[in-house]
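TrEMBL has this to say about the protein:
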COMPBIAS  29-39  compositional bias 'Basic and acidic residues'
COMPBIAS  49-62  compositional bias 'Basic and acidic residues'
DOMAIN    71-533  domain 'Amino acid permease/ SLC12A'
REGION    1-62  region 'Disordered'
TRANSMEM  72-93  transmembrane segment
TRANSMEM  105-128  transmembrane segment
TRANSMEM  149-174  transmembrane segment
TRANSMEM  180-202  transmembrane segment
TRANSMEM  214-232  transmembrane segment
TRANSMEM  252-277  transmembrane segment
TRANSMEM  298-317  transmembrane segment
TRANSMEM  354-374  transmembrane segment
TRANSMEM  399-416  transmembrane segment
TRANSMEM  428-449  transmembrane segment
TRANSMEM  470-495  transmembrane segment
TRANSMEM  507-528  transmembrane segment
Amino acid sequence: MSSPEEKGQVGTVTPPEKDLPPGFTDDAETSRDREDFRTRNGLNLRSFQRRDDEKGIGSSSELDRTMKSRHLHMIAIGGSIGAGFFVGSGGALATGGPASLLIDFAIIGIMMFNTVYALGELAVMFPVSGGFYTYSTRFIDPSWGFAMGWNYVMQWAVVLPLELTVCGVTVQYWNKDISVGVWITVFLVFILIINIFGTLGYAEEEFWSSVLKLGATVVFLIIAFVLVLGGGPEGSRYDSYTGAKLWYDPGAFANGFKGFCSVFVTAAFSFSGTELVGLAAAEARNPVKSLPGAIKQVFWRITLFYILGLFFVGLLVPHDDPRLLNSGSGYADANTSPFVLVGKYANLKGFDSFMNVIILVSVVSIGVSAVYGGSRTLTALGQQGYAPKIFSYVDKSGRPLYSVLFILMWSPIAYVNLNTKGPVVFDWLLALSGLATLFTWGSICLAHIRFRKAWALQGHTLDEIPFKAIGGVYGSYLGFALCVLVLIAQLYVAISPVGADLNTAEGFFKSYLALPVVIAFWIGGFIWKRTGWLNVSQIDVDTGRRELPWDEINEYRASLAAMPAWKRIVHTVFI
């Protein structure tokens, strides 16, 4: 078998800079590095001017690349833990019961595990602006890539006003006299301030909010373990051993097979944002070194935080709890969060407020992520001709200025919820974002499958891939199949929802609006670009491929091969 070096592919694969995909550069020093402190951090008017290219002449659309390994690791392990996990899990528990909650989240977890590893393999090879949207365009179908790009932009555009509204509702847990509109304004200003600092502002906010969320979840797990064993305060619900009592009465499942299928949407919404670590790779200092370790942290989030946390929730809160049954009223209300209810039922003074603060931090964090994820994808669309060219504008501090402003323009929709008809608007926004992420995940898996086929067809070997998905191409097949199954399950619930034989037209589209939206974008992309499904032989696996330090990679592989089997597994899966 020929080595990568003998094939002449490694170390010389990156074409001249003019041929690189937009947003990709290998230069150690960028034009941003040559600017003064205030300009680099967006603190003066000069920072809003268009960025120069690397030679100091002309203009550049290169994004900032200041994200560190610690940022990527925390974005991967805690970035997407938000209201879906802390609050939405209450409605899911009421609808499907504790067993459905656990099984559905585990299935989505398996899907995400394989999806993120596939994304990691592609992102290390091609750490380009736009991430997974670019991979869909390059390895599947340019028209489908157009649909996935705009679908992802619109997903985050509608999530922003949703999260701002939830912020206001969450604060009303302590004081209902102050209008939600006041708090929407406060948190919108906060998100604006974070975005002034560009990539570094997002990275630091995500790092510290993730630390808080993960720390709070660990605290909850410890307390929940004690409560299940009967160590709660005297007179509380948990002052004697309960074990799995609630799995027998009122039961492990609720609403039968429909209840089981309906929980998938909450689980998918709770995991949405996990893919942002691949998007962030384009703005990391050294994604080849930092991204693989960050990808591996997903295992911990899925097993330790989601699965274990929800397992304890199912042991401590009955699925027929009246407060959970109110969770289907529209807004994500902290009063219906099982994490808050556990504190109340255990008579732990202040614990409910503590968890509510964490919920608030989580919601604000997702709002910041909405601006980041939507704007970076829109910038890639502008750079590749799938959106107006103005969105490719990147200023001297590395911010995609007009793309950020476009996403922020959607935030005032949150004020519509002050009207009595507000919950109707809220429901339709939720319908737009609910299933959108499943199409993104399925596309990542399919892009990985197609990349591997083209890679082998063009005579390359797996040894030339520095970071390989742990499940290989079979893991991507599994991830893709699970995405399809979840979409089918949700279609069934959309047609015949829990508590009814047949849904109304309005109810159906509130449950399945993402599908016609994606199809509309796909048709629009085909009309615009007149390009269809790519044959494997048409796929380009060389342009823009990153130059790799093969001496270091081969040295690491040799040291890994020399390790005992148990140690090799630990390094492969966790480090």
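Cβ atoms here come from the backbone N, Cα and C positions, even for glycine.
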Candidates 252-277, 298-317, 399-416; stretch with most C-beta pairs under 8 Å toward the transmembrane segment (149-174): 399-416
Proximity verdict for the transmembrane segment (72-93) and the transmembrane segment (470-495), three or more C-beta pairs under 8 Å: no
Contact check, the transmembrane segment (470-495) vs the transmembrane segment (105-128), 3+ Cβ pairs under 8 Å, seq sep 6+: yes
